[in-house]
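This report concerns only the one structure given below.
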Amino acid sequence: MTVDLLLGLQWGDEGKGKIVDVLTSNYDIIARFQGGPNAGHTLEFDGIKHVLRTIPSGIFHKDSVNIIGNGVVIDPVVFQKEIEGLEKFNLDIKKKLIISRKAHLILPTHRLLDAASEASKGKAKIGSTLKGIGPTYMDKTGRNGLRVGDIELEDFKERYRSLADKHEAMIAFYDVNIQYNLAELEKEFFEAIEELKKLDFIDSEEYMHQAQKAGKSILCEGAQGSLLDVDFGTYPFVTSSNTTAAGACTGLGIAPNKIKEVYGIFKAYVTRVGSGPFPTELFDEVGATMARVGNEFGSVTGRQRRCGWLDLVALKYAVQVNGVTQLMMMKGDVLSGFETLKVCTEYNYKGQNISHFPYNIEPENVTPVYKEFKGWKQDLTGLTTYDQLPVELKEYIEFIEKEIEVPIKIVSVGPDRKQTITK
């Protein structure tokens with residue numbers, strides 16, 4: 001029996017989907033434990049790019065069972081479109097995908113609430129993806145939400161109507177101009193609900209417990225990144241769920257002492273989408289080059305990601321919070337061609353150098369302290385072994401390992417699953 005955990009250590013978009021895809025053959029079960037369709041996991045193989053939003057990244061492997069856990073929020077409409085997008089691969093979705101009855105549903109009015117709330121904030125917007133994630137988690141913690149298991153109840157539509165009416169009153173309270181046709185949105189929603197009913201719903205915590213007793217190997221898949229965690233991220237510019245290791249326990253019903261390996265995924269540089277502090281952000285041609293070469297555009301929103309140098313203060317913090325046992329560095333190939341690379345090793349925080357991640361990292365409080373490294377010119381995308389990597393990249397990797405005190409086991413040198421070097 002093995003229960004391992006894979007999660008992102010930055011502000012999301014680290015490349016988790018690719019690594020899950022690479023590792024899936026080692027596991028019987030891939031289980032998503034938090035987030036919703038605001039996250040996009042990008043996989044690329046055979047020259048074709050695939051973006052998954054809610055479905056776990058093991059769906060393309062014939063022998064794996066994929067679980068959507070109780071910590072996930074599901075938009076039935078988006079979910080149906082995601083399944084339709086997989087039909088061309090002739091996958092047995094009903095056999096390969098099962099859903100926790102305790103996962104919460106995103107209603108059309110959740111999305112409208114999200115838009116109304118964001119519009120009302122003016123310049124103080126937090127950069128919401130407007131997918132209804134925040135309002136759904138608010139209903140969950142406020143004990144008002146609807147769950148997947150409620151679909152099976154005879155009075156589901158009455159429960160829906162009661163909650164949707166509350167939402168409409170809240171939307172009116174915001175007093176912003178949002179145009180919508182709720183009747184049309186609800187028609188689409190209930191059609192998607194009927195499709196959702198065709199899948200198997202489970203009591204996921206019992207399923208996971210029995211799987212562990214049977215000796216099954218399980219990989220828990222996180223969405224977004226640790227610095228977006230509602231408790232440990234750069235609040236309020238965060239998501240509404242726990243993206244850290246603790247979220248796997250509450251989002252799947254797995255006991256903490258059952259988790260063995262914690263795989264931490266990070267980019268060789270840093271990106272962020274939307275608003276929020278970003279100490280190492282670059283506003284020059286270097287940052288623009290990173291975005292262009294790295295194709296740094298959100299897989300869900302399409303928004304260009306902000307780019308910056310690797311931040312070891314933030315990375316060390318994420319490693320500590322998650323108890324990471326192995327690191328995996330993504331997009332090493334994007335840094336090819338830069339004369340000089342920089343790594344933030346400390347923050348100058350209110351005039352004093354510190355090496356820990358403080359409560360407030362707004363620009364007026366934090367200035368990054370950098371160590372410079374010599375860059376490399378070599379194209380990495382065709383390399384297959386660690387020994388083939390340029391010496392400058394090896395020095396970069398070894399410095400990170402020394403500072404973080406966790407080994408880097410995988411270096412990604414391209415988007416395809418084959419462009420993955422094991423160290």
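Backbone N, Cα and C define each Cβ position, glycine as well.
Here is what Swiss-Prot says about this protein:
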- ASP13: active site, proton acceptor (ACT_SITE)
- HIS41: active site, proton donor (ACT_SITE)
- 12-18, 40-42, ARG305, 331-333, 412-414: GTP binding site (BINDING)
- ASP13, GLU14, GLY15, LYS16, ASN38, ALA39, GLY40, HIS41, THR129, ARG143, GLN224, THR239, ARG303: IMP binding site (BINDING)
- ASP13, GLY40: Mg(2+) binding site (BINDING)
- SER299, VAL300, THR301, GLY302, ARG303, GLN304, ARG305: substrate binding site (BINDING)
For the binding-site residues LYS18, ARG303, ARG305, the one whose C-beta sees the most other C-beta atoms within 10 angstroms: LYS18
Cβ-Cβ neighbours of GLY40 (IMP binding site) (radius 10 Å): 20
Surrounding CB atoms that lie within 10 Å of the CB of GLN224 (IMP binding site), all protein chains: 28
Cα-to-Cα gap, GLY15 (GTP binding site) vs GLY40 (IMP binding site), nearest whole Å: 10
Spatial separation of GLY332 (GTP binding site) from THR129 (IMP binding site) - C-alpha basis, Å: 28
Lowest local Cβ density among GLY12, GLY15, GLY332, which the record lists as binding-site residues, within 10 Å: GLY15
Cα distance (Å, whole number) from LYS18 (GTP binding site) to ARG305 (substrate binding site): 19
Which listed residue (ASN38, THR129, GLN304) has most other Cβ within 10 Å, given these are binding-site residues: ASN38
All-chain count of other Cβ atoms within 10 Å of GLY302 (substrate binding site): 9
Nearest recorded site to GLN224 (IMP binding site) by CA-CA distance, among recorded positions GLY12, ASP13, LYS18, GLY332: GLY12
Distance from GLY12 (GTP binding site) back to GLY40 (IMP binding site), taken between C-alpha atoms, in Å: 9
